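Novice: Swiss-Prot lists these features:
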- 106, 148, 152: Fe cation binding site (BINDING)
- 149: active site (ACT_SITE)
């Protein structure tokens, strides 16, 4: 369908919990959801992302797509969509995240990355594009992606969970880029790739 602009930190749609996708009595999903899912895949692929939530393209609906390896530097990837995800995780460490192992970025915070504490394991239950119940789980990078994308749908960015010097560095970065205000976007495939892919 179409590559859409990606909202940048500060847009209210990124800081608001999304609305669940309605499910019909027969388990059917709205007909227009297929177009949204296609746009999410097209946009994620053009941006070279490992995941993309609907509110990142300005749509306040509880759905995300992913194309993510189980671990960093692995070539085998899992690709899919989760409608109305519910997240379950192991305990999140209370220690300061490791700058190398816990580095995390976001298409809505283009070109920046910060060490972010995440649970080592995560599971998401929800529906696939046809309304069939699914469960996906993983560790390492895949678990990080599940937590990151579900966080988006709950109205949070990974910046919200940063601590200490990482939180201060992120705040400075947002200010230096002029972000933190409504209406800012970037266009994958047209604007320079902020992560240099």
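Cβ coordinates are placed from backbone N, Cα and C, and glycine is handled just like the others.
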Novice: Identify all same-chain residues not among 106, 148, 152 whose C-beta atom falls within 8 angstroms of the centroid of the Fe cation site's C-beta atoms; report them in sequence order.
Specialist: 51, 53, 56, 107, 108, 149, 151, 157, 158
Novice: Round to the nearest Å and give the CA-to-CA distance linking the residue listed as 'active site' with residue 106 (Fe cation binding site).
Specialist: 10
Novice: Taking 10 A as the limit, how many CB atoms besides its own sit near the CB of residue 106 (Fe cation binding site)?
Specialist: 25
Novice: When you measure from the Cβ of residue 149 (active site), how many other Cβ atoms are you left with inside 10 Å?
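Specialist: For residue 149 (active site), the 10 Å Cβ neighbour count is 27.
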Novice: Taking 10 A as the limit, how many CB atoms besides its own sit near the CB of residue 148 (Fe cation binding site)?
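Specialist: Looking across every protein chain shown, the total is 25.
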